[in-house]
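Here is the structure we will look at.
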Amino acid sequence: MSTPPIEQTDPTPGPDEGPAAVHDPSPDRTVVVIGVVAVLAAVGWAALAKDNFADTSDTALNWVLTNFGWLFVVAADVFLVLCLVIAMSRFGRIRLGPDDSEPEFGNLAWIAMMFSAGMGIGLMFYGVGEPLQHYTDPPPSSGERGGTSEAARTAMEYSFFHWTLTPWAIYGIAGLALAYAVFRKGRGNRLSSAFVPLIGDRRADGWQGKAIDLLAVFATVFGTATSLGLGALQVAEGLNLTAGVENTKTTQLVIIFALSAAFVASAFSGLHKGVKWLSTLNVVLAALMMLFVFVVGPTVYVLDSIPASVGGYLSDLLPMASHTGAFTDESWLGTWTIFYWAWWLSWAPFVGTFIARISRGRTIREFLIGVLLVPSGATMIWFCVMGGSAIRLDSSGTADLTEKAKDGAEASLFAMLDALPLGTVTSWLAMALVMTYFITSADSASLVMGSLTSRGSLHPRTWLVVAWGILMAAVAAVLLVAGGLDALKTATILVALPFVLVMLALCWALLRELRTDPGAGPTRQHPMHGLRDAVRAMIGDALTEQAPTRHPRHPRLRRAAERASAGDEPGPGGTGGSGGSSGSGGSGGSGGSGGSGGSGGSGGSGGSGGSGGAGGGTGESGESSRSG
């Protein structure tokens, strides 16, 4: 995946936070030092002890797939369900910013940038290769035979499954949590800011928050390095097919270093608007290439495949989303589904930051519906046009693309383009797209990592941004030399394992904070809740009236309770009971306001047993009040 670079502007304050603090752009030395040392250690290990690194990585990968494959599957399902629930709940009306804020970008611009985020090196690499590989060798759980129409349907369904709703739900959760923390609450632009509801402000600024940010940095470094490595593989294969340049490790390394130099030049020159323009140009060129394939390729077949593939995907989504290693081939699951979920998780801080940045001022419902549907719809069309055309060309005998697919996914795109008119021109166009996506991916990811390691500042130092970009390129180069595509996949899965726990905790933190947001409105009461509360109140009152008076067992407490109870009972003949407020010896005792011959004397207004009887002291019995 690839995104345009993020504009460097400060977040707006939350509705209850006042003006947003200006976040210090200086690097967080602890996070930077630990992050750089850890990445360099991994790179040095892979470069200096390649065999040991490969053996250890394979052992660790097998252990992760055997023991934690279920965790990736369940977590991905949780993210998708949570996105749908939040979008349909009362939380959907909360605005990502002050309550009176408006969307920063219009709908068309926002949708265009969403589409740009969904188009990148990954789709260029797998847009043709994955459907062809599933068509030739269907997933074991499908029970289909390769090369059949049923295998073609399964191939499109699994391509949709790996690239549409579920990955964008992962991005959506990360983006929503970041957008809420930054634009609604006015916190720093780093992942740890979203964990304040769980760990508090002090811990978010302490070592706990630094640990969260470091995990995000590691995930982004290796996830982006995987994309850069895929880009180098595809450009090298394209040069081999179109220009006769031999596809060797040396060629791949030269491509990585050349494109990294272009990224460094753009970072030092500050031409972020120029890189953004390149990203927009990429979208236009990719759309033109897809339109060309649609027109000159099997147009009717593509049109037929779109509704059939979408319907099949939606009907089989639950079975596909619940497959684990218990009843299917564990190695296939690790090669495809778990690798993809790990890849998307490693990209979550990067893509989440981007989609959060462009969504300020929108409601949560608008945000989630847009994030889930817009890129997913564009991706479905891309796979139907590019992958569907490749399957049709192969099944009709026009081109033997399945044989080319055995050379790797990087060769599939160029083999399909070569089978169509103007194959050389479109192949060069595809290489140009991959190279510009490489530059924008490195630029955007390094900006995100600069922000994560600069206390959430949206203005990280240029040298720090460049340093992270160079480290990513170094990781991609070393992993390609150490083990090629398999090494890239292994590193992605291993790094994503701890980060999946971070993402699950992020969901809990987000829900805790949304529940207390006044922008969500009052909690909706079920119609039966009012009846339930009324019945409880009636039964409670009845039980209170019928309940007998219980006295304590302890003698002193029992006497105190009896005196208190006796003091509440009215005296004979009126309201003046003994010891009460109006009784004998009460407020009108002997010598008091109602003494003998006074206002309450015999025959007076108080009469016998009136408000104050004759004689008696403050605490006298009712006898003295009746003597008058």
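The backbone N, Cα and C atoms fix where each Cβ goes, glycine too.
Here's what TrEMBL has on this protein:
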COMPBIAS  1-11  compositional bias 'Polar residues'
COMPBIAS  570-620  compositional bias 'Gly residues'
REGION    1-25  region 'Disordered'
REGION    544-628  region 'Disordered'
TRANSMEM  30-48  transmembrane segment
TRANSMEM  68-87  transmembrane segment
TRANSMEM  108-128  transmembrane segment
TRANSMEM  160-183  transmembrane segment
TRANSMEM  212-233  transmembrane segment
TRANSMEM  253-271  transmembrane segment
TRANSMEM  283-303  transmembrane segment
TRANSMEM  338-356  transmembrane segment
TRANSMEM  368-391  transmembrane segment
TRANSMEM  428-450  transmembrane segment
TRANSMEM  462-485  transmembrane segment
TRANSMEM  491-511  transmembrane segment
Count the Cβ pairs between the transmembrane segment (338-356) and the transmembrane segment (212-233) that lie under 8 angstroms and are 6 or more residues apart in sequence, then report whether there are at least 3. yes
Give residue numbers and ranges for long-range contacts of the transmembrane segment (160-183): same chain, 6 or more residues beyond its ends, CB-CB under 8 A. 1, 11-12, 14, 76-77, 79-80, 82-83, 86, 94, 96-97, 101, 118, 122-123, 126, 130, 189, 191, 193-194, 196, 309-310, 313, 317, 320-321, 336-337, 340-341, 344-345, 347-349, 351-357, 359-361, 364, 367-368, 371-372, 375-376, 379-380, 383, 503, 506-507, 509-510, 513-514
Between the stretches 68-87, 108-128, 428-450, 491-511, which wins on the count of C-beta pairs under 8 angstroms to the transmembrane segment (368-391)? 108-128
Contact count check, CB pairs under 8 angstroms to the transmembrane segment (30-48), set 68-87, 108-128, 212-233, 428-450, 491-511; argmax is 212-233
State the residues, same chain only, that lie 6 or more residues beyond the ends of the transmembrane segment (491-511) and have a CB under 8 A from a CB inside it; answer 'none' if no residue qualifies. 42, 57, 60-61, 64-65, 68, 71-72, 75, 78-79, 82, 170, 173-174, 176-177, 180, 191, 194-198, 212, 215-216, 218-219, 221-223, 225-226, 334, 338-339, 341-343, 345-346, 348, 475, 479
For the transmembrane segment (68-87), find every same-chain residue at least 6 residues outside the stretch whose CB is under 8 Å from a CB in it, and list them. 165-166, 169-170, 172-173, 176, 321-325, 330, 333-334, 337-338, 341-342, 344-345, 364-365, 368-369, 371-372, 496-497, 500, 503-504, 507, 514
Sequence-distant residues near the transmembrane segment (428-450) by C-beta distance (under 8 Å, 6 or more away from its ends) are 2-6, 8, 119-121, 124-125, 217, 220-221, 224, 227-228, 231-232, 234-235, 238-239, 242, 259-260, 262-263, 266-267, 272, 275, 278-279, 281-282, 285-286, 289, 349-350, 353-354, 413-414, 417, 460-461, 464-466, 468-469, 472-473
